[in-house]
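These notes are about the structure you will find just below.
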Amino acid sequence: MNIFLKEMKSHRKSLLFWSIGIFLMVASGMFKYESLSSSGQPMNEMLGGMPKSMLAVLGIGEFDISTATGYYGLLFIYLLLMATIHAAMLGATIIAKEERDKTTEFLFVKPVSRNRIITAKLLAAFSNILILNLVTFVSSLALVRKYSNGEVVTEDIAMTMAGMFILQLLFMVIGSSLAAGKRKSKSAASLATGVLLLTYVISVAIDLNEDIEGLKYITPFKYFEAKSVMFGGGFEPIFVLLSGVLIAALTVATFVFYKKRDLNV
Amino acid sequence: MMNVIEIKNLTKTYGKSRGISDISFSVEEGEIFGFIGPNGAGKSTTIRTLLSLIYPTSGSATIFGKDTVQFAPEIKKEIGYLPSEVFYYDNMKVKDLLNYSASFYKKDCSKRIKELAEIMDLDLNKKIDDLSLGNKKKVGIVQGLLHEPKLIILDEPTSGLDPLMQQKFFELLEEENRKGATILFSSHILTEVQRLCNRVAIIKEGKIVTVEKISTLKENTYKKFKVETKETLAPYYFNLPGVNKLEVKGNLTSFLFKGNINEVMRKIAEIEITNLWIEEPDLEEIFMHYYEKEA
């Protein structure tokens, strides 16, 4: 419990900044929607003239961005990127920071097992990503509602947020297992972010080229896309299962790797 | 007497560093045991293996009769550790850090924290970032002793402490020892080990050279003599049994001596001298001594 509270306290500031960042992201995105929709230009027509590959790169795809929810679907990918980058970095640093700050000789000579230390740290990271998720949820709900002209949005947004939370968890344990397994755990955060960006690029590539659709299983960004979750009837069971298995496996890996490693002092 | 620490054929090889090979020694209950060797000899590696920060490649160790890897959390309840370099979470007050440290032990340590801070003259309300190296070391000392551990492990504990604080710290350790604590004291400075310890293990290049009582060690070591005289001495003047490396350079005669020091003093008293130096051999010379014996 003491380790958990210590971790919560030491990540307080960074969580606050991420929350402000994500709120501003939603706010500025929806503000742009307001100016676009009030300019009177038929947006769909304008977009219709653009090549499909360009739309894919921009993440616009098949959204009807003349509606608030459609526009939010477009915005969602950026929120997802932010939240997962936060999760991956948090998962890696919360494990690696004792070695980075050379505090191993303080914490690991205390009468607690490594398993208990990792449990406390992962719970703290879990709470942090949950809070960031709720902040995103509340800001999205408030701001989309403002522009949605009475359209019911709560359920759609709740679904995307649930999907986002699963991916946050997944990237958190990708980060933590890398930090636990790598001999130089300091570089785990950048490696985890690298994995994240790579899988994101793969997901864009799939949008561009339908021949490689089979790759969708290896990039989490394809698991709970807004276009399918919001407008295509919810989660696909295969992806929920796949994420669940990955999260469980990587959590176990974090514990096993960390228990066995020689700590860098 | 019960052995608090028992190390059996402990070997740790890793990465580029030398590690330790086939180390065995025991520390008895209630003794202050010195662990001495030059930097990089494997002292910290041994200690970190005892604390399960790193795991042995082969061999094993027990503390309080329990395996150090298997029962690590349990035995750490009664261990106080002061690392050679102290690093703490920034942005914390000394008080907060000590309370955080105390929160791991299931007892009330607040009274002991106050006592120790007073002895070591440590301001509890300062931020750790603002502390000097010596003051950080004091935090480390209080942190290592606040739960009144039965085994105190110190890794190069005196670096950064001024002589006055060093003195207070040694008195504190002797006090803890009187109350029953066993102490493992690692250092590369012979004098501080001589001052405190009953027995020492000497380590070099990852191997234990010898485990001796301090008293035996002293008897067996050389003293360095340097005698300045008015007139040049006959080269054979100090040619006594036990004298080694006798050198006469003008008015300066130097040699190493092992044995009853009174014999040399008598010889010195018979001549007119202008200056005299008698020095303890430094650690390197002790090692030389042990290597010569082995060869």
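Cβ from N, Cα, C; glycine included.
Pulled from TrEMBL, these are the features on record:
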| type | residues | note |
| --- | --- | --- |
| TRANSMEM | A:15-33 | transmembrane segment |
| TRANSMEM | A:71-96 | transmembrane segment |
| TRANSMEM | A:117-137 | transmembrane segment |
| TRANSMEM | A:157-181 | transmembrane segment |
| TRANSMEM | A:188-206 | transmembrane segment |
| TRANSMEM | A:238-258 | transmembrane segment |
With the transmembrane segment (A:71-96) as the reference, find which of A:117-137, A:157-181, A:188-206, A:238-258 contributes the most Cβ pairs under 8 Å.
A:157-181
Which bits of the chain, at least 6 residues beyond where the transmembrane segment (A:188-206) starts or stops, bring a Cβ under 8 A of a Cβ in it?
56-57, 59, 81, 84-85, 88-89, 91-93, 95-96, 171, 174-175, 178-179, 182, 212-213, 215-216, 218-222
Distal contacts, the transmembrane segment (A:238-258) - CB-CB under 8 A, six or more residues away:
95, 114-115, 118, 122, 166-167, 169-170, 173-174, 176-177, 179-181, 217, 220, 222-224
